[in-house]
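Note sheet for the following structure.
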């Protein structure tokens, strides 16, 4: 019997977190109503500080509402327990304490049998490490993770929770913002999309955007042309960018159409920006995981500055869809995916299994509990997907060479 389970969400937001929490509460209420459910607040921070809520009968009745909610109803944080100095600095543990021991003591104190972690590869492998640590100290904890990341970059998971919704929302964001190219002559409009080292979100958002564009009605005689509302370039970290060649191609677009619209993954060209900052002796801001804080170095503005003059733009406008996209509630496709994974997660918990729930690309796409030792991040977006190749051909953009990218973020 599983007496007590605990849930936490961690890493960046994605359009699945609240729904997954609600789904787990609903499924346990259905399959094992006697099981106690603990919600650790604000991710691993709450676990380390003992900040938690015990789910009440009234809360169970309200769980269905969470399927319509964005963000994380129980809060998130970015905490790397292996980074002891950062944990001490933030007041999560005291000097001389091991964060793993502090977390383990809290789980033992709370009598947790199963820990459900909803996050990316860092979140879930950290939980697996914690379970191994507890086992070595004589306490059995099963960890069952759910794969959350808008980058869809977890190996070997076919589709992570929230990524489809985030791409749809990025497309929706640009459906409004694209009209800004009419505010001034010769506008270079850069849509900066989240994606540290994976171009999935940028590419999928571009594909979704062009799909809806095909069904829109235009009035070319009145200046409302499809070309002005189309995408003229898509840049992702996994593909090289020949700046000079692209500038020449897009300058021709500017002369013909009167504007240039670009979908740019924030991770595209990040190495060039970091190298430039380092050469100037500037400090590159990083988070507790060692990842570059992309929002502070502003890739879109850097790219626009490099490109604006080359394409003959009178105005450069950079618009970021990241927070708009990742904070949305899950769409219908993601809700179906969440339901399937949540149901299996609870079933696995009650059967005594552990692992990261997902469609295993290395096991014929079967939905199963994937062994944690096989889980890792930085799954690159495949630029050779037929649909992406078709997209590039449609907009007249030559495909660049493949690029190996560094480990991503949640």
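Backbone N, Cα and C define each Cβ position, glycine as well.
Quantities reported herein were computed from a predicted structural model and do not represent experimental measurements.
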Swiss-Prot has 149, 150, 151, 194, 195, 196, 323, 324, 325, 326 down as binding substrate; which of 95, 255, 266 does it also list for that site?
266
Cβ-Cβ distance under 8 Å, sequence separation of 6 or more, same chain as residue 324 (substrate binding site); the residues meeting this, in order, are 169, 170, 173
Cβ density check for residue 121 (Mg(2+) binding site), other Cβ within 10 Å (all protein chains) comes to 27
What's the most sparsely packed of the recorded positions 148, 326, counting other C-beta atoms within 10 A?
326
Nearest-integer angstrom distance between the alpha carbons (Cα) of residue 326 (substrate binding site) and residue 148 (site 'Important for catalytic activity')
11
Out of 122, 151, give me whichever of these recorded positions has the highest number of other Cβ atoms within 10 Å.
151
